[in-house]
């Protein structure tokens, strides 16, 4: 897993963008370089119009990957109640439990976390990659500018998810959501550009099975694992039930705590 990439100052960067870029570099330990020092290959971070994005120097025609919780698509889905129809909402068991605290231990770009927040949950995201964590944090920052009530329900912890869950000290966790990165076929048209980039950057999760035991111990009600329909169950552990969608399966593990 790649832990650091350069932060590139855009050629026509504004003072606000440069200030934000330096702040991110100081917090996460990313080296800040000028536009003339932009790498010819590999990944780098940049800020354009106040948005942090991850770019691949070898893919000049591909737009940087960013976390945008306030995108038109996300907000349309929230405003029209689409989130309540999502399989993840059914799997988490939110009917009548909209105020639950959910830990998303594999947040990726945070799309599933935002679905849960949009239906009333409080979500804690745990991310081990400082690069992805920086993108998520920037997404929360920008969401707070327009929708502070939603941003207030999202928090981020940087660290190894299995370890953070094992020693979790926050408020009670009602449910935990796991969506380990699964190796896709190279020619699969279903893998979107950002997921291809993430897989190149982070690889699949070799320790995915290690996430289930601490999750089952921490959650008070259930653990939900998202898997491709063709994938085996996580850690060889048979779920209590499964909810299937067209492309994925949500394995649900009910937790019975004394």
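Please read every residue number as a count from 1 along the shown chain.
Note: Cβ is positioned from N, Cα and C throughout, glycine not excepted.
The record from Swiss-Prot ties 111, 112, 127, 128 to S-adenosyl-L-methionine, and of the options 56, 68, 179 it ties 179 to that site too. Residue density at residue 128 (S-adenosyl-L-methionine binding site): 21 other Cβ atoms are found within 10 A of its Cβ, drawing on all protein chains shown. Under the three-state DSSP scheme, residue 127 (S-adenosyl-L-methionine binding site) falls in the strand class. A sphere of 10 angstroms centred on the C-beta of residue 127 (S-adenosyl-L-methionine binding site) encloses 25 other C-beta atoms.
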